[in-house]
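In TrEMBL this protein carries:
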{"type": "TRANSMEM", "residues": "B:6-29", "note": "transmembrane segment"}
{"type": "TRANSMEM", "residues": "B:41-59", "note": "transmembrane segment"}
{"type": "TRANSMEM", "residues": "B:65-84", "note": "transmembrane segment"}
{"type": "TRANSMEM", "residues": "B:91-113", "note": "transmembrane segment"}
{"type": "TRANSMEM", "residues": "B:133-155", "note": "transmembrane segment"}
{"type": "TRANSMEM", "residues": "B:187-206", "note": "transmembrane segment"}
{"type": "TRANSMEM", "residues": "B:218-245", "note": "transmembrane segment"}
{"type": "TRANSMEM", "residues": "B:257-276", "note": "transmembrane segment"}
Amino acid sequence: MRSAGVWAVLAVAAATLALPLVLDSGGLAVYVQVAVSASVVVGISLLMGYAGQVSLGQAVFFATGGYTAALVSQAGLPTLAGLLAAPVVAALCALVLGLPLLRLRGHHLAFATIAVHLIFLVVVAQTDALGGSTGLQGIPLLSLGPLEVSTNQGYAYVAWAVLAVVVVVARNIVRSRPGRALRALATSETAAASSGIPVGRYKLTVFAVSAAFAGAAGGVFAFYIGFLSPGMFPVSMSITYVVMAVVGGLGSVWGAVAGTALVTVLVHYLGVLGTLGGMPDYAPSVFTYAVYGLVLVLTVLFLPHGVVPSLAEWWRRRVRARQGRERAGADGRAPAPT
Amino acid sequence: MITLLAHVVSGLAIGCGFALVGSGLVAVYRVTGVVNFAQGMFAVVGGLCASAFLGAGIWHGGAELLAVAVAAAAGAVTGLLALGRRGTAPMTALIVTLAVGFLAYAVLVAVFGDTPRSTPGLPGMTSLLGVPVRRHHLLVIGVTAVVFLALWLFLTRTYLGKALTACASNPYAARVTGIPVARMAQFAFVLAGVLGGVAGVLVAPLRPMSFDSDVTLIVHGFAAAVLGGLTRPMVALAGGVLLGVVEALVAGYGNAAYQTTVALVVMLAVMIWHAARRPSVHQEVTV
């Protein structure tokens, strides 16, 4: 049973690594998009699923990472330094913002993070050092010594490498002792606090970690796209990350990745459908919004724990039922109710 | 002095729009504990429908009323989706209203396209204490005053309004005394649709509206309503008006780019101050 799971993971990993070699340019763009967004969504899934905090402004940290990577590499430093600085600066911003913001909870925090997003957009558009509303142009290609990442396939591998790091870090956090403390915190802050968990510090740490994930993704994105402007980070972008996290399953690292892949692929291919002949020019955006809305409504109402945890639960129940039947067949009794 | 008064009047007018959106949030939150993220969308529906109905040749007044009716219907649909399943937790319902917002984007773009629209409001200028002001600004202020008066009378003087208030203060006790709490929650969403629709119809001539204008409207509405802990409509009115005037003054005497930023920072400060005063134990949601 366990080895079957390991083989399945290896097969999926091998297929994922082989995909960039066979995809066309449109498919490759989706592939990069999935990896970049999934890195952000894993962070949101941790933040919402474990710390119980909703952030509707995560795109701010994504953008912070992007701008950091761009500015560092445009200042003549190695691009790798930019990529490494992106998560650090995003996490520092999250620490500074989180100190006052994380006093809020629930819908108050949700609105506060949207407000931060709106403020961010205005401030960036007014700051000449960040290129104002026209943005930053001519971000150099990512390079490692003499090696320059110039193809989309290269960026696909960079993006998935970053996602792999994010997933490993997230899984280690979840399985550690602080991870268990976080789960307690998600259930009841009061109970967690009374059993000695430093609630405030933990919430702030998860907030910073999720921002670091978003920042790293933003760094990759900046090098991949080559230019940045505030218009590329609308408020709806932050909300779509939450949609992906909720669809995949909150508090589940693989759920975050699967949810992102599911929603991104659906949105892309319905968008392609929308650009076919005979469709009005606004059809792609109609399809996009409809997908986000429908998928979210259906998930929340019918699979409230998200796609991946629900599937896992269904599978576990099936296996248990089969084992129960086998046992019942062996000693001629009905399976004991579990 | 004259320019100051002119800024104040235009700020009052836009602030009334925020207050109406905020009062819609209050109507739903009081009864259901749900923060309705689709509230800004109701205003957008109202504004865009009004422009479409006027474009179709329906006379003023009728077109606006029809638009408000469509917004009320949007409120009913949102309520059904958010509360239709039994035992939906308020935080889950918030996510559903967010999803309804996205669905509404799809419908609005399909019906109205993605270019901003405006409606002709009450044309012309008039003089108030020697200050020239747009007549539409005065109309907005007047209509808002009437709506809030009606809302206050409704909540305190009618059976239905008192039942709503009862649901808000103790749903269990309300159910025991025979008030249909679930139907009241639905009604609150329709009321929110009406309030949002009125806001949209009034604001559309002042600020061109497109399908995604709901974000700024809902954030301002929330900012206005949060002053009164999301439960007091009259405080939402005061908050909305305050925000509107502050924004108009920042735009008039400072940098127009920062007008919303100032308002949002004020809202954040108020919320954090509120949160710091109340210990977290009393806010814990039991699922």
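For all residues, glycine too, the Cβ spot is worked out from N, Cα and C.
Nobody curates TrEMBL annotations by hand; they come from automatic prediction.
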Paired segments the transmembrane segment (B:91-113) and the transmembrane segment (B:65-84) in contact, 3+ CB pairs under 8 A: yes
Whether the transmembrane segment (B:65-84) meets the transmembrane segment (B:257-276): three or more C-beta pairs under 8 angstroms: no
Cβ-Cβ under 8 Å with the transmembrane segment (B:133-155): same-chain residues at least 6 beyond its ends: 6, 9-10, 12-13, 16-17, 19-20, 23, 121-127, 161-162, 164-165, 195, 198, 202-203, 205-206, 233-234, 237
Criterion met for the transmembrane segment (B:6-29) and the transmembrane segment (B:257-276) (at least three Cβ pairs under 8 Å): no
Interface-richest range of B:41-59, B:218-245, B:257-276 toward the transmembrane segment (B:187-206), CB pairs under 8 Å: B:41-59
Remote residues contacting the transmembrane segment (B:257-276) - C-beta distance under 8 A, at least 6 residues beyond either end: 216, 219-220, 222-223, 226-227, 229, 243, 246-248, 250-251
